[in-house]
Structures are given as structure tokens and as C-alpha cells.
């Protein structure tokens, strides 16, 4: 286990890491066998502390700005050495893992952590290969030292913590951060940069496969139903969050899941519930006196999480990959009540809505009032993780859709009949019926009606769905009011889209403001 006096534990097992974490006071064992750890004041990602080293090999391909902030190479090297020195006389944990379940497109990574629980997280979320780095590729190094405190004046960081990606030297530095999700998302960002150069589209989506081998992808921001709808008892899960679409197939970038735990129940989410057992890391979950997790307690954060390997899910695709997708679903939660429950998209419309990444959220005050409603646009349904200009990903999406003939659908899991507070939300059985119709191929050649203002084509009939729900104008009592809200939404789409430098065919595929 140990090599040398520094006590570096190489490729430790799950049981060993749980033992180390408990012995070192890093966490507690729960009644269901999971390890619970707390991350202190940072209970989510710290986007202001994330940087990319600006260097010749990658700088012309990165979309620099508030998401991808530059960091000087010499400052990075100095900080890397400082953190390495800090870890040199400490007990550390190292694993040889991989990112990307594809023999051609994987990246080998060596993950070094100061704590046992972060190492367990890495082994749960990344891929533990049977044989490491078969193709003998250059290895990425991830160094994670949550106990190290950065000094902005000395180190050039934004605060006492940082995440820095260095493409030239294949290094990722995480210092001063306990929130483990930063590790997962930093390697997602790395693959999001590397894969497009090989003609592979990286995606922030979930994916599942039917018994006939047909793949469906679900894109969507938090709270739109990505995890719920992909956990389908009739289908096999590939993954819940990060995938690559290459000519010939879809592969998971990860080897595990990082599920939200807020209000988790056995009845509503049995797949996640059953996956939480020995080996799982629970992050910022509160326990009662009997060590039973209280998933409804949001004292620490609403962003409590469970990190577990895919092996904890019975109904999964063991190879961690599948065929190219027959169906691609963009999930949006429209709080204005304007969008139809399902629309069929052309490849240009697909690129438009992929770039827009529209969903909406309600402000915390005066829930029923329209002033509390905010629309949110997150490029490619995951703006914080895409280093290249957005158009690169949109063009790749169109290419993949066209070459395979995938059908793309926009599915609204939000409101109808009026905005939030007036209309009502589509219930889960309605959305599930729509997804079933998409997956079965029922909607591929269905008759549609065009909604001019939204520039969308809507099926006239879907099995198991009330026909009058399909065209949103029919669910509003006041048609003029619907038109007003539709105009407002179309204007928001248009205003958001001005930032994209893409072909006219894509620009004209959106709502007509």
C-alpha cells in the first residue's frame, strides 16, 4: 500500500479509503453504509476561482471571458510547486484512472489527493480501468489539496482557493476547495476542449438505451428532469451527466453518478436511493442521532449530493457506451407557459436551441407574480464547462445529427395555460408519455402544426397525452395574453442570440421576435 516515508497510498480500494477517512476524522459512516463528508463554506462550484493557463498551444481556441479566465504560466508553475511541496510531507492518496469510456477517446489521469474521501470520490466518478492506459497516452495529473490556502497577492488567484487547468502540461490544480464536484467538472472541461478537435461532440446530458439497442440523449439544466426521465425502468442507463458523441457511438465520460439528494425518497427516486450504500460518498447531507440521512434538511446546503460508481445501478449498460442516438431530447422548464410540451426540431433549430440552452427559474419572492420569473440561457445546456467558442459545439451537433439522422425534440417540463402562478405545470405522467412516444419512434413521422411566433412544429397527436395540451395557445383562457407572453419570450431568445457568430440558417431557426 505505502511507498516510502511519505506514505503515498497508490490505487487504494474503496474499503481502505473508507477506513482511512474515518480514522483521519474526514467523515462519518451513515446507517446505510455510505461515508458522509462536509465541505465547509463552499457547498457548490466556485466559478470565480476557475482559470485556464494562457499558453501558445491552446490560447487561440479558447473562448476567453468571465467563464474561461486566463492565468499566467509562470504563476501556475510557482503555485503547482508550492502545493506539491505542501503535500510532500503529508500522507497522500493516488489513483490511476481514466476519463472517457472509449478506447480511442479516453484520457488517462493520475489523481493525487490530500484526503481519503476526495480519492474515494475520484474513484467513484472517474473510470477505474481494468488495465490503465492501454494506448500509452500522455497522462494528465490532477492534484487536489483542500487544506492548502492560496494567497491572492502571492499566487495571483481570486481568493484563498482555486481550480486551474493547464492544457500544455496536462495538469489540473485544485487548492483550498473541499467541494468534490470541482474535480469532476474540471476533467469534463478538459474533455470538452480536447474532443471537438477529434470530431467528437462533448455533451452535458444523460443517456439511456432500450432493449433493441436504441439510444436516447437528454439535455437539460438543473431541475428540468434530466436524471428523473433518464432513470427509466424500461431502459438501461449509460450515464446521468457527461457524454461524448463520436461517429459510430455515444460514450460516457465518467464512471459514476453525482446525484442531488434534496428531498430524496425511495418512492420517487428508487434508483438513486438504492445506489446509496457502502462506497458511496454523501456530501453535505445531515444525519440524525441514529446516523440516518435526513435528505430534507437543507441546513448545510440545498446542493447535497451522492457520489457513487455506476456499478451501484442494477439496470445499466455495462460497457458504459451505446450506439448513436435515434432521439435527442432538449428539456426546458418554461415558466412563462408559452412553449408546447413537445416540438420536433430540424437540425438548424436543434443548433439554435442547443446554443440558447433556455430554461427558466422563479425568483424567491412573490412566487405568483410575473416579476419574480427569470429566464435563463445557458449555452449548450452547460455554459460553465465549455472552453471553446459555442459555435464549434453547435456545428458539431448539426454534423452528428445529419450524418446519423437523429431526430431532435424540445420538451417543456414547465408550465402551460398561463405563467407560473396562473397556469399549471405539466405532470410527470404527461412528460413520461411524451418521452415514451419519442423513444418508440411514434413522433418521427407524425403530422405536425406550425406555431409561427415560436417557429416550432408541434405534433397533432401523442399517445397518452390530451390533444388540447399539445398546442399551448389552446390551454390559455385569454389568447391575447398568450400572444403577449409568446412575443416577450421570442424577444428574450432573440436578444440572447445576438452574441453568437453562426450561419444565417441557424440564426433564422429561432422564435420570430
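Glycine residues also receive a Cβ, built from the backbone N, Cα and C atoms like all the rest.
It should be emphasised that the depicted structure is a prediction, and the values quoted were computed from it without experimental measurement.
Cross-referencing 241, 263, 274 with the Mn(2+) binding residues that Swiss-Prot gives (185, 204) picks out 241. Within 45, 432, the residue that Swiss-Prot lists together with 179, 185, 305 for binding substrate is 45. In this structure, the C-alpha atom of residue 204 (Mn(2+) binding site) lies 11 angstrom from that of residue 222 (ATP binding site). A Cβ within 8 Å of the Cβ centre of 185, 204, 241, the residues given for Mn(2+), is found for these other residues of the same chain: 184, 188, 242, 382, 385. Between the C-alpha atoms of residue 222 (ATP binding site) and residue 45 (substrate binding site), the distance comes to 14 Å. Cβ neighbour counts within 10 Å, taken over all protein chains shown, single out 224 as the most crowded of the binding-site residues 222, 224, 228. Other residues of the same chain near the substrate site, with their Cβ within 8 Å of the Cβ centroid of 45, 179, 185, 305, are 44, 180, 181, 182, 184, 258, 303. DSSP assigns residue 305 (substrate binding site) to a strand in the three-state reduction. Considering only the binding-site residues 45, 185, 204, 226, 305, the Cβ with the fewest other Cβ atoms within 10 Å is that of 45. Its own atom aside, the Cβ of residue 220 (ATP binding site) has 26 Cβ atoms within 10 angstroms in the protein chains shown.
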